[in-house]
Ligand SMILES: C[S@@+](CC[C@H](N)C(=O)[O-])C[C@H]1O[C@@H](n2cnc3c(N)ncnc32)[C@H](O)[C@@H]1O
């Protein structure tokens, strides 16, 4: 089977399925998109062909491509992804963009709670090398992947701590707390499509709000004067997240929409 024939196994030309098949082939052959297009007549070896067919079968069974290839681009970074981590989503880049627009100290003290692959913490570290950034997660194998990603991307100043939300941290105050916590209701029908990703990364009690509430309620005590919290949340949680910030005495509360026009990130400042 040559590359053109392999591509034809999946979807129509210009479909997302065909694009995913192309990404899989690029990964397996270790080549860029442009080279794949130039080598359509090239035959796959038996090993390449088998790996390709195995990969397609995993994707068909609902596994994200990132678990098959073991990596995912995020911001300007290439991040290792395993079954211990969520696959970073493009919408989370909205949170990074939002944070980069804030006027913060040049050496701001920042924490990313529930860092997963390290996506948010490492993207911020790549843009603001002088910030003091800490990244936490409740699951050590997840944090090991994030640490590997820090080394892979040369961002070794980021510190990593394991523990449940603020319990991971020693006594200190932050200019900025960021998090993309679990926020899906355990009964949400969308969970059917997310079965291969860890539940601990996705599900939260109280209609998906339990972890967001902890971060907002406890976060006040971990902020310096005029510090910010910036949170990613569900498309239908904008109002309740704003209300929770307000109840806890935050100001400058604002929700930012994602690329699909849905509420996705809410930020708020605490005037101590
Ligand atoms: C939605 S994922 C976000 C991962 C990453 N920040 C991203 O945006 O791709 C949530 C992360 O929070 C972690 N987590 C879940 N419960 C936690 C807790 N109680 N304390 C700290 N981290 C937690 C999960 O292990 C997971 O890595």
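Backbone N, Cα and C define each Cβ position, glycine as well.
Feature annotations, reproduced from TrEMBL:
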DOMAIN    8-70  domain 'Release factor glutamine methyltransferase N-terminal'
DOMAIN    92-193  domain 'Methyltransferase small'
BINDING   114, 115, 116, 117, 118, 137, 165, 180  S-adenosyl-L-methionine binding site
BINDING   180, 181, 182, 183  substrate binding site
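In the three-state DSSP scheme, residue 137 (S-adenosyl-L-methionine binding site) falls into the strand class. Neighbour density for residue 118 (S-adenosyl-L-methionine binding site): within 10 A of its CB lie 32 other CB atoms from the protein chains shown. The average pLDDT computed over the domain 'Methyltransferase small' (92-193) stands at 97.
A Cβ distance below 6 Å to any atom of ligand 1 is met, among the binding-site residues 118, 137, 183, by 137. Residue with the densest Cβ environment among the binding-site residues 114, 116, 181: 116, by other Cβ atoms within 10 Å. Cα separation, residue 117 (S-adenosyl-L-methionine binding site) to residue 183 (substrate binding site), rounded: 17 Å. When the alpha carbons of residue 114 (S-adenosyl-L-methionine binding site) and residue 183 (substrate binding site) are compared, the span between them is 12 angstrom.
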